[in-house]
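K.L.:
For reference, the structure I am asking about is given below.
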Amino acid sequence: MDDREDLVYQAKLAEQAERYDEMVESMKKVAGMDVELTVEERNLLSVAYKNVIGARRASWRIISSIEQKEENKGGEDKLKMIREYRQMVETELKLICCDILDVLDKHLIPAANTGESKVFYYKMKGDYHRYLAEFATGNDRKEAAENSLVAYKAASDIAMTELPPTHPIRLGLALNFSVFYYEILNSPDRACRLAKAAFDDAIAELDTLSEESYKDSTLIMQLLRDNLTLWTSDMQGDGEEQNKEALQDVEDENQ
């Protein structure tokens, strides 16, 4: 059995070398020890999976965009190749999502003892079911969306009672949960309500903000406000379709 400290160091080396698949493997072994992860370990695990999934999500969006343009042109010969390529990326996305969801359900959530870590892991569970919902269709999409909603709600229930409104993990949860309402459930009204409530609650308690989380919290508050501005203009018909995909997951790396 690998030593925990060695595995963490291997993960840090892999991160520096930008070899995120190996970073995932090291942190999966730590998670498999069924112990409460430290904040540093938790963040290493999150960053590892986020980079592995992020590259594929970006690829999927580009391929889907090319597919759409080709559909408009009516280029059937190329469409078959594009669709097969997209499906290959979707298979990779599915494997990564199912992998981390399995680690969360079997190891991380059962071993979590603090409110903070429970919120972090349930939020993560919501995020990866959301990523599945992004490309799934029919019943698969419905199931992924329902699983995501349940996980985000579980995280929210704990966050509301155990974390202050200015806590970066609580704010990050509100950010991602509101994106879920907007993008997956097509409910801009609920997305705006959630984001606005989180922003207003944090503003009201800004004086309680600890020095170490000030930068993280204010950054996420800015993102909440940016999303609100974008969504409000979209609802009024002013905004053109914009891809703000990069906004919602920024908080994971710094907590």
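Just so you know, glycine gets a Cβ as well, placed from its N, Cα and C.
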K.L.:
From Lys78, Lys118, Lys142, Lys215, name the one Swiss-Prot lists as N6-acetyllysine.
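P.N.:
Residue annotated N6-acetyllysine in Swiss-Prot: Lys118.
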K.L.:
Name the secondary structure element type, per DSSP in three states, that contains Ser210 (phosphoserine).
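P.N.:
Ser210 (phosphoserine) sits in coil per DSSP, no helix or strand.
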K.L.:
Drop a 10 Å sphere on every Cβ of the modified residues Ser65, Thr137, Ser210, Thr232 and tell me which sphere holds the fewest other Cβ atoms.
P.N.:
Thr137
K.L.:
When a 10 Å sphere is centred on the Cβ of Arg130 (site 'Interaction with phosphoserine on interacting protein'), how many other Cβ atoms does it contain?
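P.N.:
For Arg130 (site 'Interaction with phosphoserine on interacting protein'), the 10 Å Cβ neighbour count is 25.
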